[in-house]
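*Asks:* In case it helps, Swiss-Prot gives these features for our protein:
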- 18: active site, proton acceptor (ACT_SITE)
- 46: active site, proton donor (ACT_SITE)
- 17-23, 45-47, 332, 358-360, 440-442: GTP binding site (BINDING)
- 18, 45: Mg(2+) binding site (BINDING)
- 18, 19, 20, 21, 43, 44, 45, 46, 137, 151, 247, 262, 330: IMP binding site (BINDING)
- 326, 327, 328, 329, 330, 331, 332: substrate binding site (BINDING)
């Protein structure tokens, strides 16, 4: 197909992440020439399956797997240079050209080893104090965003000025080592193998961190860019851009199940702020949602099933869907589709259309349940309340629909789906009020049903 020129699409997750955004971004880049990451860090994980080969990405936009597509890391991303180069080297070993196609905003805050140390120590302190863990990945994302908001972060651009970088690094280390040792008790904490080289007596050591940062600085310089300017110039030249969200709406720091959320805004509106373009450049918002729900880590999950019990629908979802986190390897909790939560996601993102992924995972279930609202304090509500405390008290209200025994794996024609699968999808559209434009029927990029293409949709 020939896409409309100068049209830009935003892809966002509508659940708690892990919806299959990577595959759809990869599929959509046949119509785009640039892909942009605008928030998060290497806590996000995208798995692509191309010709049967799996590739896991954490920082680099999924468009890197399409030859000739330019990839951008916007200012809204917190960047671990160490993890970035691990990813680059892995792709290069697989024959993928990265460095000439990757542009990194000079305004990206840096994730440094002390951020990960604080992240891990805080979660350990919560557990030791009897509180439920937030469920962070322990990769320093939250502490790095804290430094950004407190206006003390070291940014990519600082790497171009070694003396300034060193002075500010010393200041940051004094602050964060004080937090680690006096408040979090890091002197008695056993850090993992990845952090041990940086830490002595519970303190992160300046010399090791500084030397590594200076090595990364030389490697990063050719990729540093004014990403905002380049994206605006690309748009004026009629280039199609794709903005790739990480995690999901229900993990958004403002609109998610607070405090069990990430530290950035995962919603579509942040595609503008997190990359340096105006909101008028965002033409279509595609919401990605699984045909059921999953969640990694702590926090409320109204439709959660006994997914660890063999023979149950939740166990079927976990097993057939291979529900383990790309970044952490943790098992994902599984449950029925929550259309009420999706309505909230549609509201805060302004969704133009939906892509339903992993429809094939539901093959073989005799019946399906669809949450259309909740009961809270004796009243029926059709949207989730704000905040985890009230969501925990919500009881889901379900509709039961018949399942299907036929296989949907690899189907690329909507008319060839089982009748009950089509009814299930139609009911999701009716309850949420958002049209389904795409359906994924396996992890393979080509196993996609298209009803309306985001780059052609009006």
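The backbone N, Cα and C atoms fix where each Cβ goes, and this holds for glycine too.
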*Asks:* Can you tell me which of the recorded positions 18, 23, 331, 359 is spatially closest to residue 43 (IMP binding site)? Compare CA atoms only.
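*Replies:* Closest by Cα distance to residue 43 (IMP binding site) among the recorded positions 18, 23, 331, 359: 18.
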*Asks:* Tell me the coarse DSSP state (helix, strand, coil) of residue 331 (substrate binding site).
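*Replies:* Reduced to three states, the DSSP call for residue 331 (substrate binding site) is strand.
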*Asks:* Tell me, if you would, which residue among 17, 20, 45, 329 (binding-site residues) has the fewest other CB atoms within 10 Å in the structure shown?
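*Replies:* Relative to the other binding-site residues in 17, 20, 45, 329, 329 has the fewest Cβ atoms within 10 Å.
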*Asks:* Around residue 43 (IMP binding site), how many other C-beta atoms are within 10 angstroms of its C-beta?
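*Replies:* Its Cβ shell of radius 10 Å holds 29 other Cβ atoms.
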*Asks:* So how many other Cβ atoms are close to residue 331 (substrate binding site), meaning within 10 Å of its Cβ?
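*Replies:* So the number of other Cβ atoms within 10 Å of residue 331 (substrate binding site) is 14.
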*Asks:* For the binding-site residues 23, 330, 332, which one has its C-beta crowded by the most other C-beta atoms within 10 angstroms?
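*Replies:* When each Cβ's neighbours within 10 Å are tallied, 23 tops the list.
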*Asks:* Pop the Cα-Cα gap between residue 441 (GTP binding site) and residue 329 (substrate binding site) into the table, whole Å please.
*Replies:* 23
*Asks:* I'd like to confirm something. Which of the binding-site residues, 137, 330, 332, has a Cα closest to the Cα of residue 441 (GTP binding site)?
*Replies:* 332
